[in-house]
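Notes follow the structure.
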Amino acid sequence: MLVPEEFIEDAIQKIKEKIGDDKAIIALSGGVDSSVCSVLVQKAIENNLIAIFVNHGLLREGEVEEVTNTFKDRLNFNYVDASEEFLDALKGVEDPEEKRKIIGKVFIEVFEREAEKTDAKYLVQGTIAPDWIESEGKIKSHHNLALPSGMVLEVVEPIRDLYKDEVREIGLKLDLPEKVIYRQPFPGPGLAVRVIGDLTKEKLEICRKANKIVSDEVEKAGIDKEVWQYFAVLTDTKATGVKGDQRDFGYLVVLRIVNSVDAMTAYVPELPWQLVQKISKRITSEVSEVTHVALSISDKPPATIEFA
Ligand code: XMP
């Protein structure tokens, strides 16, 4: 069984031995794995760890401020706003897999550019056990990242043997805020997988507003820790509605709330009807471009958790 204090002490010792006086970088997303990993490595090598937080323009409302406020005094924290670069690369792209590939490629380009500004020798990654167990045999345990300049970063994975619940225990011991530790999973490609069809700033803003309403209401209802994920999807379907005494042809938004243990399977729990109604009412009245809200009732399988 994991004893958090022992794990932390041991991990700090090992990181010090491995990295010594050299520099390391990490891509910090604000999710629990990269956050715990960053704070742990910071404890070992202090400001020789450079944490890079990339804004790809696909983040949720208030996320940049939240991540920045949590980490600016805890880490050697570097914020990079690359949103225009990502949105340019994604212009007109409708296929979800193509969107993911473009986001992955641009992310590496941005990260490599930032890494080259430092003289880091190590790349810290918040890989945890399920990440490599699921793909065992496909990845090598010692892998390095060669940058375009020829610079090679050696990968260090201090929490690779931990499971999610253990990462959370370590995070609590490291005094990370509960908001970070119990944050619901948010996909790397962000809102790109929650906007169907091509991405525009306008559609992202609609999706962002609808998601903010969903999370506010789910948290207010006190079920945020009971469910796995809760979010809104902006579809490319339009539906007729009435606004005042005018006909309106607006967007259909789908509300998705699922429960899961490991994201491999998921089910839609019974939801308080008042909560569902409140979310629908708020989205259609506060987000003027939306006329209809539908509730997704499909489990995984056959559906996936995300819509794209
Ligand atoms: P699906 O939609 O495949 O999602 O049932 C399973 C879990 O993974 C998250 N997800 C992603 N996470 N990059 C990520 O980091 C991705 O491209 C991605 N796609 C899905 C999803 O939110 C769910 O928790």
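Don't overthink the numbers, they just go from 1 along the chain as shown.
Using N, Cα and C of the backbone, Cβ positions are placed for all residues, glycine too.
TrEMBL: automatically predicted annotations, no manual curation.
Database features (TrEMBL):
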BINDING   Ser29, Gly30, Gly31, Val32, Asp33, Ser34, Ser35  ATP binding site
DOMAIN    2-183  domain 'GMPS ATP-PPase'
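Features per TrEMBL, on structure.
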residue : record           : contacts (Cβ under 8 Å, 6+ apart)
Ser29   : ATP binding site : Ser35, Phe53, Val67, Phe186, Gly188
Gly30   : ATP binding site : Phe53, Glu63, Glu66, Val67, Thr70, Phe71, Val180, Arg183
Gly31   : ATP binding site : Gly126, Arg183, Pro185, Phe186
Val32   : ATP binding site : Lys164, Val167, Arg168, Gly171, Val180, Ile181, Tyr182, Arg183
Asp33   : ATP binding site : Gly126, Thr127, Ile128, Ile159, Val167
Ser34   : ATP binding site : Ile26, Ala27, Leu28, Gly126
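In sequence order, Leu28, Val36, Cys37, Gly126, Val180, Arg183 are the same-chain residues whose CB sits within 8 A of the CB centroid of Ser29, Gly30, Gly31, Val32, Asp33, Ser34, Ser35, the residues recorded for ATP being left out. Its own atom aside, the Cβ of Ser35 (ATP binding site) has 28 Cβ atoms within 10 angstroms in the protein chains shown.
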